[in-house]
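Colleague: Pasting the feature list from TrEMBL:
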- B:357-389: domain '4Fe-4S ferredoxin-type' (DOMAIN)
- B:Cys369, B:Cys372, B:Cys375, B:Cys418: [4Fe-4S] cluster 1 binding site (BINDING)
- B:Cys379, B:Cys408, B:Cys411, B:Cys414: [4Fe-4S] cluster 2 binding site (BINDING)
- B:399-428: domain '4Fe-4S ferredoxin-type' (DOMAIN)
Amino acid sequence: MTFLSIKNSAPFTHQVSSVQKIMFTVLLALIPATAFNLYLFGWPAILLFTVTVGACVVVEAGCLILAGQPVKATLNDYSAVLTGWLLAMSLPPWAPWWIGVLGAIFAIALAKHPFGGIGQNVFNPAMVARVALLISFPVAMTIWVMPHPLFSAGAPGFFDAIAITFGGQMPDAVSAASALGHVKTELTRGIPVSQSMVQAPDLMDMMLGYRAGSLGETSAILILAGGLFLMAKRIISWHIPLSVMAGVFLMGAIFHAVDPARFTSGTFHLVSGATFLGAFFIATDYVTSPVSKKGQLIFGLGCGVLIWLIRTFAGYPEGVAFAVLLMNALVPIIDQYTRPRAFGRNRKGEPLPLGKENP
Amino acid sequence: MKLFPIRGGIHPDYRKELSSEKAIVALPMPAALYIPLQQHIGAPAEVLVNEGDPVKKGQMIARSGGTVSAPQHAPTSGRIKAITAIAAPHPSGLAQTTIILEPDGKDEWGELPEPIADPFTADTHTINERVAASGIVGMGGAAFPSAIKLNLGTQKKLEILLLNGAECEPYLTCDDRVMREYADEIIDGARIMAHALGVPRVVIAIEQNKPQAIDAMTRAASTFSEVEVVGVPVQYPMGSERHLVQAITGRETPAKKLTADIGVVVHNVATARAVHHAVRFGRPLISRVVTVSGNAVREPNNIEVPIGARVADLIAFCGGFAVEPESLINGGPLMGQPLPGLDVPVIKGMSGILALTAAEINQQPASACIRCGNCVTICPCGLVPVEMAAFIRKDNFKVAAQLGVMDCVSCGSCSWLCPSHIPLVHYFNYAKGMINAQDRERRKIEQTRILAEAHTLRVEKAAADKAATLAAKKAQAAAAAAAKEKDETPA
């Protein structure tokens, strides 16, 4: 495009908002759930979190230098911090350091910058990284630990944590199954859901987050609080979170009603795994979700249904990352078919006929 | 009255309190008035006076230059000092022919046309002729010659005259003040306009953030059953003609049509007041109320300004600048245009002069679009700014046009809202200009092609004609020769 400077063109007023402010608010909203989970999973989790976020910022800086883009201004928008943060939240809490570093490379250098950097990527960087890690390193990515709250008996100290994160010395007998994984394994052994669910943590513990799971996703209630905060701040609208949850819940509820022995309940699907994190913080990523409200409803519903389908029928116990990536791929086409109707025109773009001005 | 929702829109800081309680004051007559010949949409006016001529207040000094045009009148008595080109109040700052009038300080009225004794028995033509002769143009900013719009009743079936007192742009309070202080004049003007248009109903729409204006207008309208005053929601761009019509009637003006096609004609409140003056007193449009505001101005104010006073005169009257302004704007902050300097004159369509500080503007360097979708949600025209901008950035005007960029009303809501501070409306205005230019170019090429083809045909026809004539001559000659031969052949 070839025109003069924009300093002298309307509008001569602008609301007080910026990409940086938006990203910062999202980070704020993530703090309660993250802080609680870092407490729950202790020093190894804190180390992994720091490594992952730090690596994302470093990789982002490297990519910006290679791309010849302004480094400081772009780093200051906090988007790399947010990607790292969300990636860390989706990792097993005691995963080794190189998982975080490789994840950062996958997210920033593979999913974000080849498309042109911020705003240009088709797929959610954090989810690309999670899926790539899960497929490449299935063992390291599925070692779950029971909560070992900081300073509690049996919790690793700082130096134990260094050994775990950087030395790969996992103590024996800490691993546990996530609720979704447990139910899935039991099903393959022929044990019906009604029986395996007895051993699953109760609903309240699951809501609070006192269970095995990824570093930041276990506390549905704190994630919900963060999500509601983002809605109150008008950073996100209700459309995507509600439709994601509706998709998961309805599919779960319908099939559970049909065959309770094979299918877990809608409520269980809602509070387990990364449903809340996905609904409020992953699927709502501006860059990789549709721009219109109608498109967002379709997108969210698609995510919800896919989450349930993958959890129920695919080889993985959890489906949020896969579901979001699949729906990301459909965003351009959703956008195309959910454009608003232009003023004074019909859906096809033709001027409204005179005499029918009330469409 | 039941109102209808309009799509999208924004709620910027209105900042009207800077000037809303300032009663209209008259600007002391400046040392010189600068009256450009082009103060309206259409052809420039044609000069009727010469340098050195004495003129009286209200005397026509330039006549209408065509079917879409408006005359200019002397705002005060004095002498024509010069007729020359000076910078126009347009972002380009290009010069245009301007009559410079030196006031004599007497402010003597010249001979004015007779008041129309009973406008409500006069025919449309009489009223329109008076409005046209009085140089009245739309005072909301578009400056379209008003008489043409008042003639629409003779061509279309109309139901409502909608008077636009929304004044949805931040800072501007001139319409608010005019409605508070001259409600009776506006209502009278509106009723005269309704009569000329042949519409049975007048609706006056005012944004609800002007309760005193609503009160004053309601009181003034109370004796006339056909006039209704409506408070409309505070939602920019409520004052956009098509959106206001939708809010009031629920009807959506089809693309490429006028609101008059669905029975509604819209005029600004200040225009109605000017019509009142022209019809009741024979007074032409020689002054208007201008809001001077912004944090860079020492004393914001609403000023009755003779047309042709310079912006510098108004700023001086407001105590000068408190701080160096970051921008000097003609109109409101959302749709206004930058002024090229302080020396340009006030013209008929100028509703505000704003001197804004950088903090008020809050424009930051643009960053990458993060597809937040807010521009799609709030676009009052149902467009997709994010996509249009992406294509315009790639110079793909064809797709931008398919996405509806030509339907954009340039309200600036998307730019105001964009967290990446991308100057979206600037992109769209640029694209509109490029598309129009390309259309012109295409038409020109088409025209050239048609002419060239016609030329080729003509040349071919001429050649064929020539050949035919030649052949005919040959044949004739041959026949003659044959005949001669026959004659000479001995029997």
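Even glycines carry a Cβ here, placed using N, Cα and C.
Quick caveat, the model's predicted, so the values are computed rather than measured.
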Colleague: Identify, in sequence order, the binding-site residues in B:Cys369, B:Cys372, B:Cys408, B:Cys411, B:Cys414 that approach chain A with a C-beta to C-beta distance under 8 Å; the answer is 'none' if none do.
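Modeller: Listed binding-site residues passing the 8 Å Cβ cut to A: B:Cys369, B:Cys372.
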Colleague: Which residues, given as numbers and ranges, are at least 6 beyond the ends of the domain '4Fe-4S ferredoxin-type' (B:357-389) yet have a Cβ under 8 Å from it?
Modeller: 6-10, 15, 237, 240, 243, 294-296, 323, 325-327, 333, 400, 403-405, 407-409, 411, 413-414, 417-424, 427-428, 431
Colleague: Note the Cβ centroid of B:Cys369, B:Cys372, B:Cys375, B:Cys418, the recorded [4Fe-4S] cluster 1 site, then list each other residue of that chain whose Cβ lies within 8 Å of it, in sequence.
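Modeller: Close Cβ neighbours, site residues excluded: B:Ile370, B:Arg371, B:Gly373, B:Asn374, B:Pro385, B:Val386, B:Cys414, B:Leu417, B:Pro419, B:Ser420, B:Ile422, B:Leu424.
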Colleague: Taking B:Cys372, B:Cys411, B:Cys414 as the binding-site residues to compare, which has the smallest set of other Cβ atoms within 10 Å?
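Modeller: Result for the binding-site residues B:Cys372, B:Cys411, B:Cys414: minimum number of other Cβ atoms within 10 Å at B:Cys372.
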Colleague: When the Cα of B:Cys375 ([4Fe-4S] cluster 1 binding site) is compared with the Cα of each of the binding-site residues B:Cys408, B:Cys411, B:Cys414, which one is closest?
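Modeller: Ranked by Cα distance from B:Cys375 ([4Fe-4S] cluster 1 binding site), first place goes to B:Cys414.
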Colleague: Quick check: with B:Cys379, B:Cys408, B:Cys411, B:Cys414 left out, which same-chain residues have Cβ atoms within 8 Å of the centroid of the [4Fe-4S] cluster 2 site Cβ atoms?
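Modeller: For the [4Fe-4S] cluster 2 site, the extra neighbours are B:Cys375, B:Ile378, B:Pro380, B:Cys381, B:Leu383, B:Pro385, B:Val409, B:Ser410, B:Gly412, B:Ser413, B:Leu424, B:Val425, B:Phe428.
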Colleague: Can you give me the Cα-Cα distance between B:Cys369 ([4Fe-4S] cluster 1 binding site) and B:Cys414 ([4Fe-4S] cluster 2 binding site) in Å, rounded to a whole number?
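Modeller: Rounded to the nearest whole number, the Cα-Cα distance is 12 Å.
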Colleague: Just counting, how many other CB atoms are there within 10 A of the CB of B:Cys418 ([4Fe-4S] cluster 1 binding site)?
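Modeller: That number is 27.
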Colleague: Given the model, what does the mean pLDDT over the domain '4Fe-4S ferredoxin-type' (B:399-428) come out as?
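Modeller: Value for the domain '4Fe-4S ferredoxin-type' (B:399-428), mean pLDDT as a whole number: 95.
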Colleague: Report, in whole Å, the straight Cα-to-Cα distance of B:Cys414 ([4Fe-4S] cluster 2 binding site) from B:Cys372 ([4Fe-4S] cluster 1 binding site).
Modeller: 12
Colleague: Tally the residues of the domain '4Fe-4S ferredoxin-type' (B:357-389) by DSSP class, grouping H, G and I as helix, E and B as strand, and everything else as coil.
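Modeller: Secondary-structure breakdown of the domain '4Fe-4S ferredoxin-type' (B:357-389): 14 helix, 0 strand, 19 coil.
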Colleague: In the domain '4Fe-4S ferredoxin-type' (B:399-428), how many residues does DSSP call helix, how many strand, and how many coil?
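Modeller: The domain '4Fe-4S ferredoxin-type' (B:399-428) comes out at 17 helix, 0 strand, 13 coil.
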Colleague: How big is the gap, in Å, between the Cα of B:Cys418 ([4Fe-4S] cluster 1 binding site) and that of B:Cys408 ([4Fe-4S] cluster 2 binding site), rounded to a whole number?
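Modeller: The Cα atom of B:Cys418 ([4Fe-4S] cluster 1 binding site) is 16 Å away from the Cα atom of B:Cys408 ([4Fe-4S] cluster 2 binding site).
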Colleague: Residues with Cβ closer than 8 Å to the Cβ of B:Cys408 ([4Fe-4S] cluster 2 binding site), same chain and 6+ apart in sequence?
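Modeller: Long-range Cβ contacts: B:Cys381, B:Leu383, B:Met388, B:Val425, B:Phe428, B:Lys432.
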Colleague: Ranking the binding-site residues B:Cys369, B:Cys375, B:Cys379 by other Cβ atoms within 10 Å, which is at the bottom?
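Modeller: Counting other Cβ atoms within 10 Å of each of the binding-site residues B:Cys369, B:Cys375, B:Cys379, the minimum falls on B:Cys369.
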